Ligand code: S3P
């Protein structure tokens, strides 16, 4: 309920518990007690601690309401008991608690290892009572003791709860609400998983830090190492200054999980030792570049910027002021479709493939990372340059976990074909938007080839692909015109027995066919059908990725609709299966000149000069739809600015892109006061309507966000576009480039 104006928010909070007993007033116990009090989450907070002076400080510092004379006194009458004692003291304290614990009281703890807590509870109680919910706040400080208690300690930190299956939902929800009330984010997982995760991410690094510092400190002559220790050594070993007793307890309590991860690490370290001894550069480079990428992607992940995050959780808002003219000379980032394919084919080739102009967007980076996860050494990307050490058509290794493909439908669909043919199992996952997209269109024909693939309900991701099933070539008549489906089957066909052929109902982008030829793999093409014969090999090559015509499209429309504009876009990919946007805009009266046409690496490229023009509405020919499939959001903006009616038909595919692009565009236009008529397979837009100020929700769809940025050029008021983080999937640097050309744009919440 919203408090009425003037009412104090805090007084609205209903205490979740009557009486909370915190047993053990150290840093964590003290901080929690204080956070519960400060946030009004309990009527009374009572503390117990064997150390009388700490207990006295608890009341003195206002951390607890009451100091209990004994554990028994604290527990009696409490409806929540929190154990915050050292892990090794748990069993003894549980024995003290047990006789006094009320029937309806919930018992939880804050220890770093969970199996040991559960074992102690079983030992003392005979079983694991339904009211016991183990917990672990991932928060701390190098300070200890109640004096260091800090009610903000848990704010923006994670708390892991590991409830057993018989735990009552209301109890779990109350405990979750308590931690959330302290500012934490609560996750639940199994006890065993918690201990595995913590063994790897916290316990092993502490062990290595203790061990390394001890090894170096043990040698007299090594004292100099400490004297000259640079930042790196200091940073790396900071955690070796942690509390020895606590860590002693943790290692012994989480013995099994820690031993497993130590064995794994020792094996990998040994492999590096051998690689150094044997001067095996390939292994060293592979391990280091994979680690570097993983490290970068987790630091990005922590700051919420990478494809590995759920981008929709990061709120980026574009703010646009109306007006502006577009001018200058630009080059937009590399083609997304070609970038994905360059990594895939480069990885499967024999030899080293060098790529220039690679798109460093989240989608193609997801593909790059996935191949690293399958054992491929990839250097870069560095200003669009990537060097791929191909492992050969049969050289991929099983990834250690699921391959996360972020927002990228292309990656997921092309990977499914490739992975269906591998000897190992794999799992493909994606973000919220990708998880809603149909994968039956690839899974069904792959199954017909002999693949074993499980999807979630309705043919959605995740895809679980069973390896080791031989594929046989098929002929497939695609029901929808999809380059992703065609490419998926051609990639599977590289491994299949015999010929795999795909017929498309209308021409779709043919980058896979062209690039396979570039890698020396013959693709037989016969009007609407492309076929490959399995069993061949790919030979490394050099790839020059042209600028993406789909990203250029925003500027083609921008310069067409903004008065007095004159813009040149360099090195744009002009593959005939991609130029629908130019054809359509020209039919609408746009002034686009195609200059310096040339062919680079098997793909046509040109510079485009575009100047303002009076656009007119048209009936968009249906044969242009697959050739402009990604450009419709911004073409709708062109239609609003044109004179007369524009009608789009035969474009139902737009409904299953990163968002339902027909509906989301129509809703966005409504928010700006523009009326449209939505049809099942298209839209009718009457041009000449005024775009007013308004807020548009892009639904996390990069192309919707960029289309409405272009709309601002002809709007009458400020436009706000929300949920724009995914622009970085296809167009990193969009905001800066848009600003440079003359769009009045600012991004809020961006890095
Ligand atoms: C792509 C094909 C198209 C396109 C997507 C990229 C590709 O998807 O929309 O952005 O790289 O093959 P469909 O194959 O689903 O039409």
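Heads up, the Cβ atoms here are built off N, Cα and C, so glycines get one too.
TrEMBL annotations: computationally assigned, not manually curated.
Feature annotations, reproduced from TrEMBL:
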- 630: active site, proton acceptor (ACT_SITE)
- 336, 337, 341, 482, 484, 630, 657: 3-phosphoshikimate binding site (BINDING)
- 336, 409, 437, 484, 661, 703: phosphoenolpyruvate binding site (BINDING)
- 18-306: domain 'Prephenate/arogenate dehydrogenase' (DOMAIN)
List the binding-site residues among 482, 657, 703 whose C-alpha is within 10 Å of the C-alpha of residue 630 (active site, proton acceptor), in sequence order, or say none.
657, 703
Please report the Cα separation of residue 337 (3-phosphoshikimate binding site) and residue 437 (phosphoenolpyruvate binding site) in Å, rounded to an integer.
18
List which of the binding-site residues 437, 661, 703 have their Cα within 10 Å of the Cα of residue 484 (3-phosphoshikimate binding site), in sequence order.
none
For residue 409 (phosphoenolpyruvate binding site), which of the three DSSP-derived states applies: helix, strand, or coil?
helix
Across the domain 'Prephenate/arogenate dehydrogenase' (18-306), what does the mean pLDDT come to, as a whole number?
90
Going by C-alpha distance, which of the binding-site residues 336, 341, 482, 657 is nearest to residue 437 (phosphoenolpyruvate binding site)?
657
For residue 341 (3-phosphoshikimate binding site), the one of 409, 661, 703 that lies nearest, given that the binding-site residues are compared by Cα:
409
Quick one: what's DSSP say for residue 336 (3-phosphoshikimate binding site), helix, strand or coil?
helix
Of the binding-site residues 336, 482, 657, which one sits closest to residue 703 (phosphoenolpyruvate binding site) when you measure Cα to Cα?
657
Just the binding-site residues from 337, 341, 437, 703 whose C-beta lies under 6 Å from any atom of ligand 1, please, or none if there are none.
337
Where the distance is taken from Cα to Cα, which of the binding-site residues 336, 482, 657 turns out closest to residue 409 (phosphoenolpyruvate binding site)?
657
Residues 336, 409, 437, 484, 661, 703 binding phosphoenolpyruvate per the record - widest CA separation, whole Å:
19
Intrachain C-beta neighbours of residue 482 (3-phosphoshikimate binding site), sequence separation six or more, cut-off 8 angstroms:
441, 504, 508, 653
